């Protein structure tokens, strides 16, 4: 994407403007064209040729961000206060305030000011209410506003925006073919230079949810429901050449060109058009968050006798050293806690596999609908894993819901599994495998980490909030879990302080 430093007029009415310079010579009677200096906003600068230049300049951390949007330049407005991210109440939220947000983030003016949590509900603090902007302020924090308490507003009133975006043309370099609707099909991309442009397919090797998310975003079709590695059931028409392979995305890119991929040499483990990449896109997606405060409140140690752990051992819920234990004598030391997983997105969370492929586990008497639903880890300060646990989604259901939401999923009698929007699934601390086996962990300071949907098996609108971390102090007899938070809830500086809390660097009890 090219940006001209100087042009007679902006490339788009929504392009971010940095300055307008009148070119009228002294003494001239008439006017003259103005010259506008445009600079790309952070979203575009991160992927443009100016990336190194932008990174070389020291910049303060942004205090406004968008979350939960299906397209670039839209989402729930979140602001940073006291090193913690929170939402904005929609009372008196209007187009002027939304335009301040859009301009602050490097977009153009606002196209729409959204209320009623149209971009999904946040979780945690609500920082601002009754924001009144003139539209000219450099930051939302410069607008008159009220600081509120939790009683004044609820997350069902979270404010959002849709911004006008500069035209980049990335959507013209990708298309879908063979699908039953415009939201699905085999992915085709345009490659080559002027005079040698051609359409081709993408190798399906390692193609997954993150890559599909980028493809759907580039197409302007929202999120990816599925990233498909085989598309033999979709006719590719006259396009049969594979022109891209080794695609690996982080999920935040604006186009597949920005993802890592093989440069000129195409390498596919499985050749032929039947093993090329495809997507199924959707305008909505789920968004799972763990209630971090509940983990902190319910964490404790249990020394559980081995004769009560046969089923858990069968489902690999114990550390490897348990295999050589003197069964049924002795015990294992378990760090137990409850996990309450909320769906705050705009679509129900459903297991990737249909019920026809769920696996029955006789020992515990339940079906597994996903191999791994949650990872539980104990980490040293440098990130080394010293203990781990996992949770297969043997029962995804609506344990409780918000007042205006009805339960839809219940595991009893081979019922459907999932988490409805506005509901949460509770894994109590006294359920088998709801633990980490810390029998072999030495006393010290650690990080407790919980990651939901760790393999990205099910599409979500936001994967950055799937991890929860806590500081954890263990003296060999007792354990203290504190400072639990969702991975993206703190500022960058607060996260750095979290990683270096007293005693953490030496891994000694303090």
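Including glycine, each Cβ sits where the backbone N, Cα and C put it.
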Matching range for TrEMBL feature annotation, region 'Disordered', among 46-72, 73-99: 46-72
Integer mean pLDDT for the domain 'SRCR' (64-164): 90
Least Cβ-crowded entry, counting other Cβ within 10 Å, from the disulfide-bonded residues listed as 133, 163: 133
Nearest-integer angstrom distance between the alpha carbons (Cα) of residue 143 (disulfide bond) and residue 259 (disulfide bond): 38
Neighbour count (Cβ, 10 Å) for residue 102 (disulfide bond): 29
Cα proximity to residue 102 (disulfide bond), best match among disulfide-bonded residues 89, 133, 153, 259: 133
Neighbour count (Cβ, 10 Å) for residue 143 (disulfide bond): 19
Candidates 153, 163, 249, 259 (disulfide-bonded residues) - the one closest to residue 133 (disulfide bond) by CA: 163
Residue 153 (disulfide bond): tally of other CB atoms within 10 A of its CB: 21
